[in-house]
Structure formats: structure tokens, C-alpha cells
Amino acid sequence: MKHVFPTYKRFPIDLVNGTGTVVTDKNGKTYLDFTSGIAVCNLGHCPANVAEAVQQQLTNIWHTSNLYECALQDSVAELIADGKDRLVFFCNSGTEANEAALKLARKYTGKEKIITFEKSFHGRTFGSMSATAQAKIHQGFGGLVPGFTYVPYNDIEAFRAEIDEHTAAVMLEVIQGEGGVIPANAAFLLEVQLLCKKMGVLLIIDEVQTGLGRTGTLYGFEQIGLEPDIFTLAKGLGNGLPIGAMVGKANLSSAFGPGSHGSTFGGNKLALAAAKEILRTMKQAGFLEEVNAKADYFRYLLEVHLEALDNVSVIRGGGFLIGIELENTAEPVVTELRDKGLLILTAGANVLRILPPLTVSYAEIDQAIYLLKSVLENQLIGSEEG
């Protein structure tokens, strides 16, 4: 790719077709895609109902800007609000959604300090990069946006020592995806929420990777009983079309009036047509119950077949966001699996990250388990011989 900046270390395959969980490269080789485009294609590749909704919108109107009223925006926002007193700001990506959340928090509170957590990932624009507590993400870009403070994840005493009257907001993920697929302890999250309420600090939850059914509920925070002041969405909201959303309690609206923030393409009608059908699908009776049943089945098989292997340290995560921490580096496993027709990711040097579409079949889960076990066993034999 000689005309594209090398900002990604790309896998040496060019995927040109996809249906459901199966993708095909330009040479005709097929793969089971257990990456979902990094937790994006939650309904699988090219779901027919979403394609039909987008196709219908293509023949009507594509883009008008946010200078005009838009019934489609309002209907999608209502679906996102999910019966709660929430308002939505539409944008194009997760990092934009997080930028909007950070701006809203500072403007509403009039304070600057924002607490985030070590190994977090919130994006790569300057505000969201500054919120990301990973030195490797910051390297080479000079001074960060001031006002961000990082504390250890799952350490309530460290958090208690840091939150104060100068704090505008706390931003966190209920499962740190890029940071190694590390779940937060429920007790930790509930105590964070309690302290935020006590101190008048806004709680922001980054649901870019964990939201839209990925962890078994529409939003990951619902499983713990959290009520964030603000949360952010992207990835699965468009199933491959670029869309993000910052969702806040309605009482925050006074800080985000005309001219306070904006996005030229945010709320684009093509992306919204997809989002509306995706949300409608996920809210259908039995959909998330089936996702949870398949996720439980997958986790059970992972534990039965992989947990006892000497090169597997721990299996963690939630729903269809799974991390397998290895004793050795993860990249050789990912490479061998790709050669054998299974696509997965890493999350750090020694963690496999597995993100199948929510629509994956039981047979596809069985095949993935077979490949994972055979490759990990083969890697173990190779390391012993080496």
C-alpha cells in the first residue's frame, strides 16, 4: 500500500467479500472472522436487513448537515436513550464521541480535572489520547491536553485519594479492551459511582467497544447497575458505517447549546439508516438472550479445552469480548490461526482478543474452538522443542 500512511501493521491479506461470520480474501481463501472488524460488525458482515435499510436511504437523500431538523436522528436517539431521560450527540467515531463527552463534562461543571485509568484506551485525537493512560499512545506527540490524571484500574483506594472538589469527571471502560481485555470489578465500579455522586463528579463510561450487545446487554454498564451521566458509543452502532454517539442525561443540555459543539457529518442519514435497523434488531425479543446463550457456550468450551494448557494463563472478559492471556507472545498464535482460516486479534503483547459477531453460529464456535486448541497445542510443542 504505497500511497497510504503506514499507521497500521496490516495483516497480509485483502478481504474483498463477507457474509455473516465468513470473509473471503482476493485469492478466494475463506476465513472465520472472530474480529468483527475490531468489535464493529456485531451483526456480522453485510446483514441483509441493514443493507436494505441503507439501500433505501441511498435513493432518498444522503446528507443535509445539522442545520436542518432530522426525524431520523430523533428516532435513532430515542432508540439509544432506551426509555431513559437522555439526549444524544451524533458524530462519526468513538474518539469523536469521547471528545464530545470530555468537552461536555468540562463545560457543564466548569472544572478541568478528569480522572482516567491505567491501560485505558479512549482514542487518538488529542483530547481522547490525553485521556488514554498508555505511554506508548502518547509517544512523540509533545505536550498532552492538561488536566488528566491516571490511577490504577480496579484500585478503589487510589481512586478515593485522587477524586476531589476540582474533578469534573471520571472516564472509564467496564472492560478495558485495548488494554488487555481486563474487566472492572463490580464492587469497584459501584464505589466509583457512589463517590462521583457524593462529590458532584460526572461519571463517563466509554462503551465504544463494550456497547451494542457485545458483552450481553445493550450497554455493558447495565449488568452492574450503573447509571452514568454520560456514555459513548460507536463501532457496533453502524456495523461498519461510520457513526458515533455521545449520550448524556438531559439535565446536561444547558452546557451544549447552539455553537458549543458540532460535527459536519455527524448524524449522516446513511449511517443513521443503518443504526436504526441495528438497534431495532438488537431490541427484538430474544435477540440478546440468544447472544448470551452462545457466549456462555463459547466461554464454557474455551475453559474446557484451553484453560488447562500450559501456555494459557487466564481466560477473561465478558460476553463476546474475550481475552486469553498467554505465557508467551500472542502474535505467532494469531499468525498460525490466520493461516488456518481463523481471524482473531491481540490486546497487548501476550493477550489474544476474540470478538466474534453476535450472530455467530454454534457450528462456527465449534470450529473456532477446534482451531484455537490445535494451534495453541502446536505452539506449546514448538516452544518445548525450541
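Placement of Cβ uses the backbone N, Cα and C atoms for every residue, glycine included.
Swiss-Prot annotations:
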type	residues	note
BINDING	GLY94, THR95, PHE121, ASP206, GLU207, VAL208, GLN209, THR264	pyridoxal 5'-phosphate binding site
BINDING	ARG124, SER263	N(2)-acetyl-L-ornithine binding site
MOD_RES	LYS235	N6-(pyridoxal phosphate)lysine
Legend entry - Max CA-CA distance, Å, over listed pyridoxal 5'-phosphate-binding residues GLY94, THR95, PHE121, ASP206, GLU207, VAL208, GLN209, THR264: 25
Inset, instruction - Could you say whether, by DSSP, ASP206 (pyridoxal 5'-phosphate binding site) belongs to a helix, a strand or a coil region? - result: strand
Legend entry - Under 8 Å by Cβ from ARG124 (N(2)-acetyl-L-ornithine binding site), counting only residues of that chain that are 6 or more apart: THR95, THR132, ILE137
Legend entry - recorded positions listed as GLY94, GLU207, GLN209, LYS235, SER263, least Cβ neighbours within 10 Å: SER263
